[in-house]
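Chemist: Here it is, the structure, as structure tokens.
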Amino acid sequence: MQNTDTTKYIIHSKISADGIIERPDIVGAIFGQTEGLLGSDLDLRDLQKTGRIGRIEVAVGAKGGKTKGNIFIPSSLDRVETSILAASLETIDRVGPCAAKIEITQVEDVRATKRKHIIERAKFILTDMFDENLPESQEIADEVRQSVRIEEMQYYGKNKIPCGPNVVESDAIVVVEGRADVLNLLRYGIKNTICVGGTNVPPEVAELTKKKTVTAFTDGDRGGKLIIKELLQVADIDYIARAPDGKSVEDLVQREIVRSLRQKIPVEQALENYTIKTDAKPVTTETPAKGSRITRLPKRKERPELSVPAVKQLPNKPSRSEEKPGVTREPRTTREPRTTREARTTRETRSPRETRSPRETRSPRETREPKEAKPAMLSPQALRFKPHSDALIGTLGARLLDSKDEIIEETAVRDLVNTLKENDEGIKSVVFDGVVTQRILDIASDKGIENLIGVKKGNIAKSPASVNVLTASDF
């Protein structure tokens, strides 16, 4: 009999015979042809009596004068003995009067099957049988977390602004909108946060941002955008992070918070993304426009003052004509010289025409050409990297160069940080169509990169002496 409690392996084999055979014939052939083959320790009859071999199961069928089927032998032997026993079955070449062939197809580990069943059952028990207790335990855990968060919250400045415990000591801080945002970030271990309490940024926060690396983390709505605009005017911000569209920072879970902070962008790039630069331009352009108008107004006032004496002289002329009434026709003759004035004007118009033609052929165009030829005055470093810089304009791409200024690799600007971290192929220069930020500059210094060429510089607090930075203004 098969002892299911001690079965470790099941030997799977298939049999084919040139004739019609039945189960007793196959079982008899197995016992008969393996008897004495492997010695007394592995004799099938003795192993079955002691329970180390279970009941031999046979499933066969006859079709077209031939028999095919499967044989299953349970075993509680170890792996070596089970393998020897399985190999001995393949030595059987006849079953009854028919030629037969047995082939081992699989040795199944019963314990592995049991382990799979245990895992599946445990999943079911965990998900279905513990559901009733989860809400109550979750409420207890939330209550404990809430009490810990309230104890960890501190207050900064005279206005007692809610903040995390590490705001003063940390080199980098996260600026959020309200007290609930600080609590939510404390819940997930982010302790260097401080809130602004709306669009009216407290002076303490504005002063604190000048001393640290600041990331503004706001809601994914219009209010969050307004807070960013306010911070850009009164505070010093390095990076901007936004919650997903339509969500608030206080409602985010840990995965969403980490993703949003990892996707932060430099403030220079955010100015273009959130169209803050376009809103700020009219403010700068209006002031010079007003100044120019103010300077023009005095000129317009001076001109009518000059015309007033001319108007005053006109009434003096008719006074002379009144003294000589008969000579009133003479002014008409004097009006004829107006034709001469017209002639003079024609002469004057002719002379400018003659002067205009040489003006068109004059050297301003020639003078413009040397203005375009200014690259001759560029520094040797700028001339060295100008071909790469010109080729990358508008592509948002980057080139990694070796000591001979040959291209090692090309990548996108958004992947430049990861590429520099992973690449150790002797990069000496990096030319890219983007902003030179503090992060890229630090990585370049760590990697031994000598030259960084970008569109413009970001908010750089520390510039390593070992890295030479060039921007579009150098070209």
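Note: Cβ is positioned from N, Cα and C throughout, glycine not excepted.
Annotations for this protein, taken from Swiss-Prot, read as follows:
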- 171-257: domain 'Toprim' (DOMAIN)
- E177, D219: Mg(2+) 1 binding site (BINDING)
- D219, D221: Mg(2+) 2 binding site (BINDING)
- 282-381: region 'Disordered' (REGION)
- 319-374: compositional bias 'Basic and acidic residues' (COMPBIAS)
Chemist: Name the secondary structure element type, per DSSP in three states, that contains E177 (Mg(2+) 1 binding site).
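Modeler: Going by the DSSP assignment, E177 (Mg(2+) 1 binding site) belongs to neither helix nor strand, so it counts as coil.
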Chemist: Are there any residues at least 6 positions away along the chain from D219 (Mg(2+) 1 binding site) with a Cβ closer than 8 Å to its Cβ? List them or say none.
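Modeler: Expected: E177, R242, A243, K247, S248, V249.
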Chemist: Counting Cβ atoms within 10 Å across all protein chains shown, which of the binding-site residues E177, D221 comes out on top?
Modeler: E177
Chemist: Summarise the model's confidence over the domain 'Toprim' (171-257) as a mean pLDDT value.
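Modeler: Result for the domain 'Toprim' (171-257): average pLDDT 89.
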Chemist: Looking only at the domain 'Toprim' (171-257), what are its DSSP counts of helix, strand and coil residues?
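Modeler: Helix/strand/coil tally for the domain 'Toprim' (171-257): 36 helix, 18 strand, 33 coil.
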